[in-house]
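S.K.: Next up is a structure, given as structure tokens.
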Number of protein chains: 2
Amino acid sequence: MVIRDKIFSTITSIFRRHGAVTIDTPVFELKEVLTGKYGEDSKLIYDLADQGGELCSLRYDLTVPFARWLAMNPTIQSIKRYHIAKVYRRDQPAMKKGRMREFYQCDFDIAGVYDPMLPDAEILRITTEILDSLDLGTYTIKINHRKILDGLFEVCGVPTDKIRQISSAVDKLDKMPWEDVKKEMTEEKGLPEEIADKIGQYVLKKGGRDLLKELRSTPELAANASFVQGLDDMDLLYDYLEIFEVIPKMSFDLSLARGLDYYTGVIYEVVTEASAPKAQKSSKKETSKPANNDPDADRSNDDTIGVGSIAAGGRYDELVGMFSPSGKGRVPCVGISFGVDRIFSITKARMTEEVRGNDVDVYVMAFGPKGFTGMVKERLQVCKTLWNAGIKAEFTYKVKPKLMNQFSSAEKNGVPYAVILGEDELAKGVVKVKELGLPEGHPEKDGVEVKLVDLPQEVKKRIAQRGDKESAIAKAVENVTLEEKN
Amino acid sequence: MVIRDKIFSTITSIFRRHGAVTIDTPVFELKEVLTGKYGEDSKLIYDLADQGGELCSLRYDLTVPFARWLAMNPTIQSIKRYHIAKVYRRDQPAMKKGRMREFYQCDFDIAGVYDPMLPDAEILRITTEILDSLDLGTYTIKINHRKILDGLFEVCGVPTDKIRQISSAVDKLDKMPWEDVKKEMTEEKGLPEEIADKIGQYVLKKGGRDLLKELRSTPELAANASFVQGLDDMDLLYDYLEIFEVIPKMSFDLSLARGLDYYTGVIYEVVTEASAPKAQKSSKKETSKPANNDPDADRSNDDTIGVGSIAAGGRYDELVGMFSPSGKGRVPCVGISFGVDRIFSITKARMTEEVRGNDVDVYVMAFGPKGFTGMVKERLQVCKTLWNAGIKAEFTYKVKPKLMNQFSSAEKNGVPYAVILGEDELAKGVVKVKELGLPEGHPEKDGVEVKLVDLPQEVKKRIAQRGDKESAIAKAVENVTLEEKN
């Protein structure tokens, strides 16, 4: 939870830097609100018991509840919101044991009628700010556009009623070789082979602005209105992304399709080296579920952000309108979901330092000859003084604790300072402040005497200095690492 | 949500100051885990649909899931944890419409085998730190001890099997006059009138250490083992609370009984002037539900913390053992729940200032003659520079926005500074920084020119100065208020 908290606070502070506010939507939705929004994954929706009243389900993601909320609040025509909360899926409904999955998602959305691609660009900028701060290693933001895909399928001759199916087959190219995807299109979904081959010519392409240019100069594509509209959007988006300095992270990837039905414009998905699934060499049939049965791995198996990705999203201009009875509340939206559990797994695996158990800066302890009182009241008194000064402090809940036990409690949580009370010292109005973990021979190894009246101030000074020292060390290490890289 | 967030962060920072960590327990529990823990309120538990698998319910509070978690993790023999999360109740199960209630609780618990009253005292100290920081006005922490109550009922001659019922009747003394409580005991619960009268002699008493002394010198009470054990605990607790300087907030109140079954020691409940229910003068029967049907009021109707209170808790030494199959994990615990929704209502009512919509410090805008470009790329560029420096900044998602609209967007959210781009200025490498809301005639009313290269640094300086100025004003206001009080 310490690591997870750190991830939450990093993400939250970046959302707020961009002017977002948080909105809390309920964990329940009417069953009908969720029906028909998630394609074939709808079977994973968890229903509440009918104890008399409306039929409700637990939220499956944070996007549909947000859209429903916007539709119910038509006075809100624009908002930037974030929401960190749990979503719920029934794990393998066919299983005997009804195991449930609950995991965190962390969403950011911009709703409102705006000029094209400005909010979309800011979302991608925010994504890079977050991923850079979380230090997850190399990552790529794959990007595509639903109108480009739709145009492409039209040009290739895919029948309109097959577009969604073919689209979801194409989406599997990140974990299946082309030959298997083609087989799914032709054998399972009945697409003529020549159409599949034509699709293959295009969807295996990836690149940057060069690819946009290449596609624009392909006559048959340039003749399709939907395709060109998508290209225009992408060109404008790239203009803005260039200013935001995020181009090096982007990969325009024609195979990215995203499973969910509600996207209408730009779509994107973030993969890291650690999260990317390896494309299978064999042509053995693969299911969308990973084979891993470890319950911990399961927790991060968040299909809405795509298998193997750590964040995903896109533009959904029609979803709010679906919940608006009058049709008035058709607010266009664009957003992204971060898979916090998957980010957590990667962060944890990359961590070299031990995580401290808590935040405490000072452990207040007492020391005296055998049979001494334990000075419990004096320890409470000193703790109170420190708390009053806003200092994080702890003590042992024993009237007569052993010194060793007090030290080991402090060390267990990595508490940096001990304030040690002794009867003789206290009679002189002093206590000992000792930095824990100093090397032998250090001049302050045995601690320094501090007047009780100066204690809060002295401790604060030391905590601040230690903070400065630590960031200086972190900076030095970073510089060395950078030099090594260059 | 802005106010709620502020409450959460205040509470969280105080929990952490005392060395607490957060643990996240699932929103689901097996139905059997929750059964039999909440007395007659069990009918409000929300069950999940049986879609094949174990029968589950949604958590009703955060205490039972924490105890269950401790029992499942027997290696954890001590922990200080906090948890801010939602709990679920079915609203009025008899109603036709199955409305649900979800609301936040915010719990802090100390688990572990420790010397008596030390963790209990720290919980009460934390409670005062939190309530003082939240500025909720005058409040009182009512305190009592289950062993004192049990001893009292024994001495008065209440049959053992009636103790819980009589106890919950006594607990209603904060909102019903004694005559009604007595009627409930005798007419509804069949207690002989002379026993009820004897109970009445004691449970209407409240006070401080003086009352402890008085009770100790009452022979019939001093002869009861359970009663004396409770008194000893209270005496020791008062010793510690004196050091922690929280005595002025405490009221030892013999009528406090708390409805939940699982308490075994000290119990407490916090009432504020704003939250306290008025004791009814009439002897009309009252239900435990307030008559108010406003859905907002309903949200804060959190019965686990007691009608009219904003926080409540106590010691529960047996609950973990109930979930421990081997009986090994009998970790004693003491804790408190804060009713965030009720605190929120009070805070909101006490607020005199308007709450800002978001946190943004700078609104980046452009200004030019009719038909000018709108400088969208330049605005993005400046925003990027500010974000890179960690400054919270926003811009309008329009290519050619009107200056008025940009100002009104900034004002709507109370953004303190505008950075205004103009083509002539930008050609000279400068922009204008303008503090919004300055009075007419202020020397910087029209803004000041700042070199683009110095912008992040200049803006940071101004934000910091403004922060200092605001806290100085707040301090001055506080001093004036204090002087008025004295």
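Cβ coordinates are placed from backbone N, Cα and C, and glycine is handled just like the others.
Remember, TrEMBL labels are computer predictions, not curated facts.
Sharing the record's features from TrEMBL:
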DOMAIN    A:1-369  domain 'Aminoacyl-transfer RNA synthetases class-II family profile'
BINDING   A:Asp61, A:Leu62, A:Thr63, A:Arg89, A:Gln105, A:Asp109, A:Arg258, A:Tyr262, A:Tyr263  L-histidine binding site
REGION    A:278-304  region 'Disordered'
S.K.: Mind giving me a neighbour count for A:Tyr263 (L-histidine binding site)? Other Cβ atoms within 10 Å of its Cβ, every protein chain shown.
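M.R.: Its Cβ shell of radius 10 Å holds 22 other Cβ atoms.
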S.K.: Report the mean pLDDT of the predicted model across the domain 'Aminoacyl-transfer RNA synthetases class-II family profile' (A:1-369), rounded to a whole number.
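M.R.: Taking every residue of the domain 'Aminoacyl-transfer RNA synthetases class-II family profile' (A:1-369) together, the mean pLDDT is 84.
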S.K.: Specify the count of other C-beta atoms within 10 Å of the C-beta of A:Asp61 (L-histidine binding site).
M.R.: 22
S.K.: Need the DSSP three-state call for A:Tyr263 (L-histidine binding site) to compare against my parser.
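M.R.: Coil, per DSSP.
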S.K.: Can you tell which of the binding-site residues (A:Thr63, A:Gln105) has the fewest other C-beta atoms within 10 angstroms of its C-beta?
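M.R.: Across A:Thr63, A:Gln105, these binding-site residues, the one with fewest Cβ atoms within 10 Å is A:Gln105.
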S.K.: Using only the residues recorded as binding L-histidine (A:Asp61, A:Leu62, A:Thr63, A:Arg89, A:Gln105, A:Asp109, A:Arg258, A:Tyr262, A:Tyr263), report the maximum Cα-Cα distance in Å, whole number please.
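M.R.: Output for L-histidine binders A:Asp61, A:Leu62, A:Thr63, A:Arg89, A:Gln105, A:Asp109, A:Arg258, A:Tyr262, A:Tyr263: max Cα distance 22 Å.
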S.K.: Provide the number of Cβ atoms within 10 Å of the Cβ of A:Arg258 (L-histidine binding site), excluding the reference atom itself.
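M.R.: Its Cβ has 24 other Cβ atoms within 10 Å.
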S.K.: What kind of secondary structure is A:Gln105 (L-histidine binding site) part of, going by DSSP in three states?
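M.R.: DSSP call for A:Gln105 (L-histidine binding site): strand.
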S.K.: Which of the three DSSP-derived classes (helix, strand, coil) applies to A:Thr63 (L-histidine binding site)?
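M.R.: Reduced to three states, the DSSP call for A:Thr63 (L-histidine binding site) is helix.
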